[in-house]
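Noted in TrEMBL for the protein shown:
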type     : residues : note
TRANSMEM : 65-85    : transmembrane segment
TRANSMEM : 97-121   : transmembrane segment
TRANSMEM : 133-156  : transmembrane segment
TRANSMEM : 176-203  : transmembrane segment
TRANSMEM : 215-237  : transmembrane segment
TRANSMEM : 257-273  : transmembrane segment
TRANSMEM : 294-315  : transmembrane segment
TRANSMEM : 335-355  : transmembrane segment
TRANSMEM : 387-406  : transmembrane segment
TRANSMEM : 412-435  : transmembrane segment
TRANSMEM : 447-466  : transmembrane segment
TRANSMEM : 472-491  : transmembrane segment
Amino acid sequence: MPLKHRPAVLELHSPTEDHLVSPGNGSVATEFGSVTGDPVAAPVDAGPSSSLSSSDDRVKMKKSLGLLEGVAIILGIIFGSGIFISPKGVLQEVGSVGTSLVIWVLCGVLSMIGALCYAELGTAIPKSGGDYAYIYEAYGPLPAFLYLWDATVIFVPSTNAIMGLTFASYVFQPLFAAGCSVPTIGLQLFAAVTICALTYINAYDVRVTTKMQNVFMFTKIGALVLVILVGIGWMALAEGGMDNFENAFEGTETDPGKLSVAFYSGIFSYAGWNYLNFMTEELRDPYKNLPRAIYISLPLVTAIYVLANMAYVAVLTPQAILSSDAIAVTFAQRAMSYGAFVMPILVAVAAFGGLSVHIMTSSRMCFVGARNGHMPEILSHINVNRFTPMPSLVFLCLLSLLYLFISDVYVLITYSSIVETFFIMLSVSAVLYFRYTRPDIHRPIRVPLWVPTFFVIICVFLLIVPCYRAPYAVGMGVAITLAGIPVYYIGVAWKTKPKAFTDALTSVTQFCQKMFMTAKEEPETADE
């Protein structure tokens, strides 16, 4: 039975043997079987260095995020480095400036429609874990586990690795002469240090992380506003400033396959609008702040993205855009002259901030998965002083470091992107499913039925077209996901594992509890 009230300061500051899981004290279901033990929380140091709240000192994730922090999380993950580096993907597929801008608008609208569905899901099911939680509630443990498998094995660590490498490349780029490449091992080691540092910051204190995100949010918005203002000035003052907009729709592609790929490129730059839902339980007043953060963020992102692309087109010819590997840097070199040096710095800041948000939010997915018995039980533990999911953070950090040194890490993202789209579609379809199976559930936000229906139809189109455009990538993504089925039945569904295995897992859990000073989250009491 968790204690309702605890002494503000206790003499002991680390878990003792009595607080660790031990045989004979009950049973906890985990991905790899039943781990015995009653995971009672360890004594807590509530000194000034702790993030402990005096009003609620139970071991649980604290509601430390307000509206500003929610907006910063959404903008922080969306405004990664993509808009600064490679918006050329859309133009390359559609063949004309005008159509590319239309695609950017449509991708923004589609993202807003999807985000509205997640606003309903997040307020009807106020649980952390995002897509995993919604798929679990709607369709049961196996589909939810397959999402968790795909995200944990491929998407999250490979994304962290790529974002870390992007940050490292922009930090080192000014230090090397033109035409000289940065040594790969140098990029990998610097990216590894960055991932470890951000993992430590996220494990130390959620409030420190969110304050840092607020700073990054305004920095990235400022960088994009700078691009927009320079573009407006170019269009208004430069000779021939509007030339690139003449015959804007000339050469437009009508091939559905190419249009589908263009949509994928655009939507990839908007990716992250669902990430605040991974931290719903840490939001103050989620019924208000979750939808408000979405309503503020998505229109702002769409407007900034469209205006930034117009600025790129005004300054750079379509040929220059297609030949550039870092459009914002090329843009700055042409339009900002001596101020061009600032753009690589801003791109690095964008990548750093996006990586920090991704590390923070994705750890909650592992935490909730372990809480449901779909991952090792230690990943559902919380540090008793910092109230952060430290084991989950460290676990994803180690996976990300491993993926840094995989030469084909970019290919893994390609394999998983189709599957990721499928699971997002599955999450949104849960809106329709719950309307039928749970009509009386409390819904502070209730979107019209055409909204999730339209989103699901678009997702089906985006899933079908790549099947003949890139069948190998689709096949690999499906194969990786289906490989999780035997893992589920052996690791989760099989409840009578050998005693030697469960005893060994118990020992590992105890060791990790001592090392990370963790305990299981205390449940809500009946009067809360």
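We count from 1, first residue shown onward.
Cβ from N, Cα, C; glycine included.
TrEMBL labels come from automatic prediction, so no person has curated them.
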Sequence-remote partners of the transmembrane segment (447-466) [C-beta within less than 8 Å, at least six residues beyond its ends]: 110, 113-114, 116-117, 119-120, 256-257, 260-261, 263-264, 267, 418, 421-422, 424-425, 428-429, 431-432, 435, 473-474
Recorded stretch, among 65-85, 215-237, 257-273, 387-406, 472-491, maximising Cβ pairs under 8 Å relative to the transmembrane segment (133-156): 472-491
Spatial neighbours of the transmembrane segment (97-121) far in sequence, C-beta under 8 Å, 6+ residues away: 87, 90-91, 130, 134, 244-245, 248-249, 252-253, 259, 262-263, 266-267, 269-270, 273-274, 277, 290-291, 294-295, 297-299, 301-302, 305-306, 309-310, 313, 318, 424, 427-428, 430-431, 443, 445-447, 451-452, 454-455, 458
Contact yes or no, the transmembrane segment (387-406) and the transmembrane segment (176-203), 3+ Cβ pairs under 8 Å, gap 6+: yes
The transmembrane segment (215-237) versus listed stretches 65-85, 257-273, 294-315, 335-355: most Cβ pairs under 8 Å: 294-315
Within-chain partners of the transmembrane segment (335-355) [C-beta distance under 8 Å, separation at least 6 from its ends]: 76-77, 79-81, 84-85, 160, 163-164, 166-167, 170-171, 173-174, 194-195, 198, 212-213, 216-217, 219-220, 223, 226, 230-231, 234, 272, 315, 326, 328-329
Long-range Cβ neighbours of the transmembrane segment (65-85) (under 8 Å; 6 or more residues past either end): 163, 166-167, 170, 206, 210, 213-214, 216-217, 220-221, 223-224, 268-273, 275-276, 279, 282-284, 289-290, 292-294, 296-298, 300-301, 305, 308, 325-329, 343, 346-347, 350-351, 353-358, 360-361
